[in-house]
Amino acid sequence: MREIEFTFKGLLIRLSLALSDLIFFNIALALAIVLINGFPGEILTGIPQHELDLKIATHILLSVICVGWFWVRLRHYTYRKPFWFELKEVFRTILIFSIVDLSVSALSKWELSRWIWILTWLLSMAMVPFGRACVKRLLNRKKLWKKQSIIIGSGKNAQEAWQALQSEEMMGFDVIAFYDVDGSQTALELFGVPVLKEEQQLWSLVDSDTQFIVAVEYEQSQSRDRWLKNLATHNCRSVSVIPSLRGVPLYGTDMAYIFSHEVMILRVSNNLAKHSSRFLKRTFDLVGALSIITLLLPALVILIFMVSRDGGAPIYGHERVGRDGRKFKCLKFRSMVVNSKEVLEEVLRTDPVARAEWDEDFKLKNDPRITRIGHFIRKTSLDELPQLWNVVRGEMSLVGPRPVIEAELERYAGDVDYYFMAKPGMTGLWQVSGRNDVSYETRVYFDSWYVKNWSLWNDIAILFKTIGVVLKRDGAY
């Protein structure tokens, strides 16, 4: 009976997601026609009825094929993928189908406005992911989306796997237990999740829908093999393996295996070493920076006036280390008093707590040097807007590692070479992952991860995340 129940649950989830995509694909067309040609009563003006009928029929057919592609080829309705990874696949697929639609329209010589085509597919890119997110939240409220999960392992790799899954809430993995494969874990709980010691305890929690995540340590390969066989003999259908690959570039990595051998070959991709990738990133930076400067020019003029009211220069440049170790002046709106250097020296000399905080992070949470307007522009990250000029000059990028002073390079230790491979960014993985609330070691890890796994899509994802972080003012001081 439970097998039937969970089979029905899985089918309901897949059909709900597929139906949502299909509906929003076609709502996008209807909305595009309304926006371009007016409201009902005016829609058919100047458009032959048979062409409109053919356009609608073609779009419905393409939407059905696209949903089939999502289901069968990309497995969006059967596999749970990270949000930004799935979104990239959705955008890429919709772009391909939009080109097919344009080709059909051109060959058919329809009189429909090309703006209908543009708006239809732009709306599809926005509405299909939005619809999916709504359906997943609705399923979650009905307790259908969450998938009971057990992590096989309790060491560092298993704990990092748990943290990664928690950061992707929309994947819906509800970890109910860790399983200690070799008895080495002394804690009874990790992150509030129980650590199981006995197999009997584990199997008592399992049903046919349970997701198993094998995340043992590198040196526990025998335990991994034993558990994969154990899960196979128990007919467990949902099994994932998270190998210990810390330090290995993951984005763009291809996997292959040698026939009849248990050997997996990972072909890693050093994207930032490619001239084409650097040209693409530079073009993206220039277009983005110049567009933002044009858009925010009135606000920049107002900020210059407000910051300079105390008699000091509104913009200052602080020396930072850039790509290949080249030094440059990193521009910012001045957020501190004019005699900030003397104030800092006095604070560090008289306050041992502040001295320790400065030595640890090169920052002070309650910095006495910051002015009233300085607090505001720091909280909102407006103090960093002059760095757009650094981007235009090619010294910085819109997205990249956090720009550091020379003294901080010692903290990067063996990862400093990764830092030198990329231009520092106005924003980056560190800024959207806690900013000042994370340890310096974690900052270094984020910078290294970004460089090893660079892609233009990751830059776009970080920029969108930055908007949310700035609005919520997370970790800013």
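Even glycines carry a Cβ here, placed using N, Cα and C.
What Swiss-Prot lists as transmembrane segment is 16-36 (among others).
Outside the transmembrane segment (52-72), and at least 6 residues removed from its termini, the chain residues within Cβ reach (under 8 Å) are 14, 18, 21-22, 25-26, 29, 43-44, 78, 90, 93-94, 97, 100-101, 104-105, 108, 110, 112, 116, 120. Positions annotated as transmembrane segment by Swiss-Prot: 52-72 (among others).
Long-range Cβ contacts of the transmembrane segment (93-113) within its own chain (Cβ-Cβ under 8 Å, at least 6 residues beyond either end) map to 36-37, 46-48, 51-52, 54-55, 58-59, 62, 65-66, 69-70, 74, 120-121, 124-125, 128. Here Swiss-Prot flags 93-113 (among others) as transmembrane segment, drawing on sequence analysis.
Residues annotated as transmembrane segment in Swiss-Prot: 115-135 (among others). Taking Cβ pairs closer than 8 Å, the transmembrane segment (115-135) reaches residues 16-17, 20-21, 23-25, 27-29, 31-33, 35-37, 55, 59, 87, 90-91, 94-95, 97-98, 101-102, 105, 170 in its own chain, all 6 or more past its ends.
Residues 148-155, 158-159, 162-163, 165-166, 202, 205, 213, 216, 220, 223, 227 of the same chain lie 6 or more positions beyond the ends of the transmembrane segment (175-195) yet place their CB under 8 Å from a CB of it. Here Swiss-Prot flags 175-195 (among others) as transmembrane segment, drawing on sequence analysis.
Marked as transmembrane segment by Swiss-Prot on the basis of sequence analysis: 284-304 (among others).
Annotation source Swiss-Prot lists topological domain 'Cytoplasmic' at 305-477, citing similarity to another entry.
Beyond the ends of the transmembrane segment (16-36), by six or more residues, the same chain brings 43, 55-56, 59-60, 63-64, 66-67, 70-71, 76-77, 113, 115-116, 119-121, 123-124, 127-128, 130-132, 134-136, 139 to within a C-beta distance below 8 angstroms of the stretch.
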